[in-house]
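**Q** Swiss-Prot lists these features:
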type    : residues                      : note
BINDING : HIS41, ASP108, GLU119, ILE120 : Mn(2+) 1 binding site
BINDING : GLU80, ASP108                 : Mn(2+) 2 binding site
MOTIF   : 124-139                       : motif 'Nuclear localization signal 1 (NLS1)'
MOTIF   : 184-247                       : motif 'Nuclear localization signal 2 (NLS2)'
Amino acid sequence: MEDFVRQCFNPMIVELAEKAMKEYGEDLKIETNKFAAICTHLEVCFMYSDFHFINEQGESIVVELDDPNALLKHRFEIIEGRDRTMAWTVVNSICNTTGAEKPKFLPDLYDYKENRFIEIGVTRREVHIYYLEKANKIKSENTHIHIFSFTGEEMATKADYTLDEESRARIKTRLFTIRQEMANRGLWDSFRQSERGEETIEERFEITGTMRRLADQSLPPNFSCLENFRAYVDGFEPNGCIEGKLSQMSKEVNARIEPFLKTTPRPIRLPDGPPCFQRSKFLLMDALKLSIEDPSHEGEGIPLYDAIKCMRTFFGWKEPYIVKPHEKGINPNYLLSWKQVLAELQDIENEEKIPRTKNMKKTSQLKWALGENMAPEKVDFDNCRDISDLKQYDSDEPELRSLSSWIQNEFNKACELTDSIWIELDEIGEDVAPIEYIASMRRNYFTAEVSHCRATEYIMKGVYINTALLNASCAAMDDFQLIPMISKCRTKEGRRKTNLYGFIIKGRSHLRNDTDVVNFVSMEFSLTDPRLEPHKWEKYCVLEIGDMLLRSAIGQMSRPMFLYVRTNGTSKIKMKWGMEMRRCLLQSLQQIESMIEAESSVKEKDMTKEFFENKSETWPIGESPKGVEEGSIGKVCRTLLAKSVFNSLYASPQLEGFSAESRKLLLVVQALRDNLEPGTFDLGGLYEAIEECLINDPWVLLNASWFNSFLTHALR
């Protein structure tokens, strides 16, 4: 950090900062973040003053430095950066000549035009928090406060920003540049977190020792110590604090706080249109597995060997044909692609030794399906600056889609138990430290509830597919590699099992940036007839490829076997998150843990054992049109896990927006249920922000429908 400061700031500023730290007995080799903060503050004070003069008529003017008029009177007197004695001498002199009231603390500047002292603040936290700390410390009407943040926000007394917009923009740009430079060197996080609040020196009852440490530990985020939190709370007017805050932000804002009553909220409007379609990267409830138990074949664990072994377990293959075409695709190409996979797998089996990986021949059907040579040619921007009508592609607005019942069915299925164990105990991670016995017990109970869950199967399937695809994308960039979609599990009896869901063929994958896309064709086995819900399969071409004999209570029966084929794409960053889907287990475990903690604090003893072993007790799971659904603690665990998994599988900007905006409405409704008499302003704007996210995503539409059920029952 010290090297960065010396490179980034003017030597004069660095020298002044060194003097200031020496004056306060601080070591800049140790307090490097403070060194950077002092330099930043000095530079902002100097930039605030630069180019601002007062002419003979007493008007404020902005003049560049090399202008001959620079002999005009400077508008600002700089106090910051002087040693304490000299600074107080300047302040006293100003007070004597202008009649200004002497401030309690040394300000940063004096404004000769407005006749007031100015306190400049530069914060890495929220501007309003820092503003209130400053105001509480100064406790003076006569010192004007102006706060800047590294994110481009600012706040000033009575929203009077003193300088013209261009001068302030210069300061904000410089702060943003400093932040970027720090981030590039990996220094920003440490710098951001090191900011302490304003220290106020007042005589008050002292809290010391253990109580003091406990007080400091139990503060809300963004507060470094009890004093800062006190200052923040003291700065709030009990009445009208929202209006006050808004008026500080802008003179134009005039918000009327409306009471939020049971009759106030309306349901969220879901879009009309054709039903939404399946958009996950792989099939969920409709997937079919070809499996081998206790695999012990040669090359066991090598995906291609495992896949061929699984394919050999099925004998009902037949000449494939299309049963549900893709509306916009060249469907024969999908059919030819599957035939090519079968033929090339047959070729491998005829070889003496099976290779570890298989690169497909670059046939016309695969080139079409993988979008080979379809991307528009990239041209350097500098080469087309002179083109007068240069513009971005016209892109159509996405078509609005309505909620369809299949997504609720998918979710219900994800919460169900399967007859296999998908995670071992150590999937959540061993205890790193000698952690309490309680934590291990909770983890073991939770794992027992979710290890058989279908959502856990989706996690392991997602981790495998994304890992295999990312590896292939890096190792075989130019090849059309065949990637089997595999998962591993154990039967109830503990026997190992390898499952094949189908295949992926990846396209060219020169992935330089995190968001660069690799195309792939997925081919997945299923027993679901696509003609039952054709809208769900809009993006797929579905083939019938065989007949499967199934054992049932009434004997054997034959069912047609389908292959769901589609072109898809993903990116490095999406695959990276897909590989980390196990985090969903951790997230849902933490949610369960907070429920146990709440119960334990009421009973004043650890309730983990009772929580999981009392099978008669039911817990709220979620809302449905019928009301609050309840179930066993195991069902709660599996539902929370399924929600977390679906958030990962259906991650999208629509989901991000809906979650963030609907949460605001949820908090207001919760406040109403807790009889806190909440008030709102611009509720219509909040609804608009929520409904803007409801376009065509099935998971977002389902969440919006659940939210409406919650509103109905919460406000009865």
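Placed from the backbone N, Cα and C atoms, the Cβ positions cover glycine too.
Keep in mind it's a predicted model, so treat the numbers as computed, not measured.
Locate each feature and note its surroundings.
**A** In the structure as shown, the Cβ atom of ASP108 (Mn(2+) 1 binding site) sits within 10 Å of 24 other Cβ atoms.
Sequence-distant neighbours of GLU80 (Mn(2+) 2 binding site) (same chain, six or more apart, CB under 8 Å from its CB) are HIS41, LEU42, CYS45, ALA87, LEU106, ASP108, LEU109, ILE120, listed in sequence order.
Helix, strand and coil counts under DSSP for the motif 'Nuclear localization signal 1 (NLS1)' (124-139) come to 12 helix, 0 strand, 4 coil.
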**Q** Please report the number of other Cβ atoms within 10 Å of the Cβ of HIS41 (Mn(2+) 1 binding site).
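**A** Result for HIS41 (Mn(2+) 1 binding site): 20 other Cβ atoms within 10 Å.
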**Q** For GLU119 (Mn(2+) 1 binding site), write down the residues of its own chain that are at least 6 apart in sequence and whose Cβ falls under 8 Å from its Cβ; none is a fine answer.
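**A** In sequence order, the residues whose Cβ lies under 8 Å from that of GLU119 (Mn(2+) 1 binding site) (at least 6 apart) are PHE105, PRO107, ASP108, LYS134, ILE138, THR143, HIS144, ILE145, HIS146.
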**Q** Determine, for the Mn(2+) 1 site, the additional residues of the same chain whose CB lies within 8 Å of the mean position of the CB atoms of HIS41, ASP108, GLU119, ILE120; present them in sequence order.
**A** VAL44, CYS45, GLU80, PRO107, LEU109, ILE118, GLY121, VAL122, HIS146
